[in-house]
Amino acid sequence: MIAVLFLAILCLEIDSTAPTLDPSLDVQWNEWRTKHGKAYNVNEERLRRAVWEKNFKMIELHNWEYLEGKHDFTMTMNAFGDLTNTEFVKMMTGFRRQKIKRMHVFQDHQFLYVPKYVDWRMLGYVTPVKNQGYCASSWAFSATGSLEGQMFKKTGRLVPLSEQNLLDCMGSNVTHDCSGGFMQNAFQYVKDNGGLATEESYPYIGPGRKCRYHAENSAANVRDFVQIPGREEALMKAVAKVGPISVAVDASHDSFQFYDSGIYYEPQCKRVHLNHAVLVVGYGFEGEESDGNSYWLVKNSWGEEWGMKGYIKIAKDWNNHCGIATLATYPIV
């Protein structure tokens, strides 16, 4: 049913009568399709090939402009090459803001000094990059990421936690399978539930199923959670003093879909149009410290083949670029 729906959307976005294909790209197309295990019926293949070619040429143009100094990051073809941007955003994001009770607010004025560089991966706070698949469940991965870090801080043990536990057990009043959710609601669930299962005991599948939580498999708990004021300075202090922080960003753009490396700056990014949840695990500079080369180090949940082995550097101190500081939060354990 989902495949049929997206094919219908695709036909509306592309002239499906007879898309003109570029035979000079036959080799690249076949190599890409083989690498990613893509198989289509006859009608769909022409449409998907047309989308892929459009994306391929857009990436090529961007990278030429990068060499000319017009951009600070590169793009590359990846597993999302046959998706239109509309499809991509619907299938691969997953942040949906919802009502939540009043919560504690991070008191950033208490911290006067913070280091210039932070990378919590180096101190053991961060689990390997995960993959949400074609499911808008980024909120669950962002929530487990910050909770994994706080549990490591408390216990000295880094244990991957179960996103599937969240998808299956939170209830339709809070989230709906692969249709998006909110990290604070995930923290509230863990608090009310008295725990969250390990990934090993409750592995990720995707679309929600019957809840199968068992308390004996819990490896985390939440006492409360904290909202960080929507300023980059406050987020910087929280990342430095607390650990990995759950945030939401605007990931609506082709440039995010095909990000490869470098400091991501997208002029069309919005501070309030937030649709994708990620995890800030640090910050720093590329090269010498100067205006324009600072970044947030962000863990994504699209597998290690995307971006910088699953990570992206988002422009820092650029007026809250892509809304990275707008809705930042972490759990108290």
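Cβ coordinates come from backbone N, Cα and C, glycine included.
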From Cys169, Cys178, partner that Swiss-Prot gives for the disulfide involving Cys211: Cys169
Recorded disulfide counterpart of Cys269 (Swiss-Prot; options Cys178, Cys322): Cys322
Pairwise CA distance, His276 (active site) versus Ser138 (site 'Ancestral active site'), rounded so that it is a whole Å: 6
Largest tally of Cβ atoms lying within 10 Å of a Cβ, found at which of the disulfide-bonded residues Cys169, Cys322: Cys322
The one of Cys135, Cys178, Cys211, Cys269 whose CB sees the fewest other CB atoms within 10 Å, among these disulfide-bonded residues: Cys211
Sequence-distant neighbours of Asn300 (active site) in its chain (C-beta under 8 A, six or more apart): Val129, Val278, Trp306, Gly307, Gly310, Tyr311, Ile312
Ser138 (site 'Ancestral active site') and Cys178 (disulfide bond), Cα-Cα, nearest whole angstrom: 9
Other C-beta atoms that fall within 10 angstroms of the C-beta of Ser138 (site 'Ancestral active site'): 29
